[in-house]
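K.L.:
Below you'll find the structure I mean.
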Amino acid sequence: MAEAQSHHRQKAARLIAGLLMLGAALLAIAMLSLATGARAIPLETVWAALTAYDPNSTEHRIIWDLRLPRTIVGLLVGAALGLSGAVLQGATRNPLADPSILGINAGAALAVVLGVAVLGMTQLSLYVWLAFIGSGVTMLVVYSVASLGREGATPVKLALAGAAITAVLQSIINGILLTSPRTLDEVRFWQVGSLSGRDIDIVLQVAPFLAIGMVLALGSARMLDGLSMGDDVARALGQRIGLSRGLAGLAAVILAGGATAAAGPIAFVGLTVPHVARAITGPGYRWILPYSMLMAPILLLGADVIGRVIAPPGEVQVGIVTAFIGAPFFIALVRRRKLAAL
Amino acid sequence: MLRSAAIALALLATSALPAFAQWSYVGGNGETVMLDAVPTRIIASQDAAAGLIPLGIRPVAIYADSAVADAKALQGLDLTGIEIIGQAWGEVDIEKAAALEPDLIVAEFWPLETTWSGGADVVNALSPLAPITGPEQGASILTLIEDYEELAASLGADLAAPSIAADKAAFETALADFKAATAAKPDLTALAVWAGEDALYVAATGGASELMDFASWGLKLIDPEVADDRGYWETLSWENADKYQPDLILVDNRSAQTMETALAQPTWTLMKAAEAGQVTDWPAYWLRNYGAYASELAKLTTAINAADENLAP
């Protein structure tokens, strides 16, 4: 008994140390993101810009006006994507669950495309709200469709409903884009997924929602652990299945919708990161969730930094880089070990 | 004996044929189109329509590169009674086109791509209906307009009509004013750009006919280091928006959105000209007639006259 307890304590200590290391790595990558760009700015100038801002210095303005908002968007969006992926995988017990599976990305994209094509909206700040509404409504529809029938919203039905509705939404989006090249022009940049060109206003608009979503998600660890034992066991342990899944789903929608609103649909981060986290921590959402939350922005910002320097004097958008890094990484993960059945 | 007879016959045929043909025109691709009668039912590309309509030649149909409302070249032109048979690049409604029974398709020849306006798909769709011809896009919008005058005259236009003469006179005045303005500011430099959310695109003078016109009329355009193989643009990350420091910035005005995007970028004002508001419209790629050219030149002249020519180092 005592031995088991000390083993438990050792594991906890190791995982806390891991979290601290991830925090340090995140800080380092955030600094790297501030120091790297299409324009070469010496490290001491970066430091000076942060500590003693001079509005007359071009370099200082680039750090403050471009790289700082971009880094903050990367941190927030990354954390939100990682958390929402982990929560969705837990709530649906589906190892391939991610914001795109449940229609959240497609819903956000359709709302933006409709806003541009029908209402003529062209500002990024309006995309935020459109994307948010679209992802929320879509999640509700997916959940309602999945809830039809006697056994309620089971994981399989959720994933099926999500995939079916994503297909419907995607064909509507394609239909609009094919007949309206002007709309395609407007949303093309947003659709790829990018951290640049998002100023601090957009961060401020999305941040409160993401904060609420993060609190909800981190608080759902125990419910997710209960769900992971199967609905019957969870129910036997006195858990209210529908409520648990609803709360987790709400957290995931807020996080993924907010992230998509701010940066456009970014694939693979929400899917890949929770698996890496689970490989380190083992099962148990108390650890998977914070690990995902710290690892995802490391991946996202790292991809963004790479995108900034590989095609000078231009840049490659982060959505393209994560697809390039994420896809083979995910295939390797699937091949290396059988995906944990959740 | 037989051979020389054949040669004589061939010579006779080539010299005699144009005499039978009622209408002929040498297109931008170097090929001559000959028809038995002066064509009246013309399908025109958006740009060809913008060249011909002000000269009094009204096509029966237009195929555009985008929604007609967004087609800058057609703005201000009376399109009533003209059927629109295409509103996206590379697309044309072939059934409508066939039902109109055209005598001639008029487009512009693109020497770099060696095809006509609208691209290969549109050309393949339309060329079975009628011969396709038109002027060549080249080093000057002015010579392109003159090519349209020649084509319109052959199609029966009266170039001495008062409205046409008035447009031309307005252009001559605007051109003289523009030349005077550039001559008065020998140190003034300009940069032509397109602004996106992702990057600032700087145009190469040699990639746009009207920019080559401006340069030949005395405007000193900064030429970017073009990396992409098509030779039209240099892509600058917004972090490098101050790579060039012109005295005057010309922003592509095909869409009003471009200027809004530029103004919304925090580093747009790293260019001193942007900071000082020395920014004006660049009528990018769409000018095809004297009327539009006159008003766009007048806008540029006003901007040049108002600009500080020693802003940039």
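A Cβ is built for glycine as well, from the same backbone N, Cα and C atoms used for every other residue.
Curation does not apply to TrEMBL; its annotations are automatic.
Bear in mind that the values here come from a model prediction, so they are computed numbers and not experimental data.
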K.L.:
According to TrEMBL, which of these ranges is transmembrane segment: A:43-65, A:158-180?
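P.N.:
When A:43-65, A:158-180 are checked in TrEMBL, transmembrane segment belongs to A:158-180.
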K.L.:
Are the transmembrane segment (A:158-180) and the transmembrane segment (A:200-219) close enough that 3 or more Cβ pairs fall under 8 Å, when only pairs 6 or more apart in sequence count?
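P.N.:
Between the transmembrane segment (A:158-180) and the transmembrane segment (A:200-219), which are separate recorded stretches, there is no contact, as judged by 3 or more close Cβ pairs.
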K.L.:
Any residues 6+ beyond the ends of the transmembrane segment (A:100-120) with a Cβ under 8 Å from its own?
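P.N.:
Result: 84, 88, 92, 94, 126-127, 130-139, 141-142, 158-159, 162-163, 165-166, 169-170, 172-173, 176-177, 180, 183, 186-187, 190-191, 252-253, 256-257, 260-261, 265, 267, 270-271.
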K.L.:
Where else in the chain does the transmembrane segment (A:12-35) make close Cβ contacts, counting only residues six or more beyond its ends and a cut-off under 8 Å?
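P.N.:
Cβ under 8 Å, 6 or more out: 41, 43, 46, 50, 63, 67-68, 70-71, 74-75, 280-281, 287, 290-291, 294-295, 297-298, 301-302, 304-305.
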K.L.:
The transmembrane segment (A:288-310): which same-chain residues, six or more beyond its ends, come within Cβ distance under 8 Å?
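P.N.:
Same-chain contacts beyond the ends: 18-19, 22-23, 25-26, 29-30, 32-33, 36-38, 70-71, 74-79, 81-83, 85-87, 90, 195, 214, 217-218, 220-221, 224, 266, 269-270, 272-274, 276-278, 280-281, 316-318, 320-322, 325-326.
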K.L.:
Please indicate, using numbers and ranges, the residues of the same chain that are 6 or more beyond the transmembrane segment (A:126-146) and have a C-beta under 8 Å from a C-beta there.
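P.N.:
Result: 99, 102-112, 114-115, 153-154, 157-158, 160-162, 164-165, 169, 190, 202, 205-206, 209, 246, 249, 252-253, 256-258, 260-262.
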